[in-house]
Amino acid sequence: MCNCGSSGEKPTFNDRKSTSYEHLFKYIMVGDSAVGKSNLLLQFVDKRFAPNSDFTIGVEFGSRSININDKQIKLQIWDTAGQEKFRSITRAYYRGAVCAMIVYDITRRDSFESLNSWLTDCRKFSSCDVTTVLIGNKADLEANRQVSTSEAKEFAEKNGLMFFETSAKTALNVDEAFEKSTEQILKKLESNPGLLSNEGNN
């Protein structure tokens, strides 16, 4: 794990290295503070949830290898801080990313209303071929929902995004979001072999 400018006790992520892999895909996770980005990463990489995790300061890193269509793919995932004061740091990590996950909290309307700003950054600072995924996190808190599934789905369709509602706590759709987006990247790679010319670079 790499912590850039971090302070305080943070969850640690295992780097599940395989002896070999066919591709290295760089992912970046963005979105407002406290929407659950760090716990999504923790759940995907370590299969656990940290209910009292601190806000991300700067950038955190985790990786995991998965098998898609008989291909071993290593995902290198960068979890970025959501605070405005770290926005310039976050923007630097779009470079070389083949997937951007934009995360909001289904129980916080304000985090959904920030999506246009995050999407603008994504389109400005990442490759035009980047696969973009909209993640509505904290789906386990249905009673506190402030953003309907249909509204989020409409936003995703309007902007050409993949869409999943997830729960980092229960693991709902966490693996699916990474696996399905990886499948989409592999499809793009078939028609554009140069897509990964900068794979894994910051």
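Each position is counted from 1, following the chain as shown.
Placement of Cβ uses the backbone N, Cα and C atoms for every residue, glycine included.
Residues or ranges marked as GTP binding site in Swiss-Prot (evidence: similarity to another entry): 31-38, 79-83, 137-140. The motif 'Effector region' annotation in Swiss-Prot covers 53-61.
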Query = Which whole number is the mean pLDDT over the motif 'Effector region' (53-61)?
reply = 68
Inquiry  = Taking 10 A as the limit, how many CB atoms besides its own sit near the CB of Gly31 (GTP binding site)?
reply    = 26
Task = Can you see whether DSSP assigns Lys37 (GTP binding site) to helix, strand or coil?
result = helix
Note = What DSSP gives for Ala139 (GTP binding site), in three states, is coil
Task = Please report the number of other Cβ atoms within 10 Å of the Cβ of Ala34 (GTP binding site).
result = 16
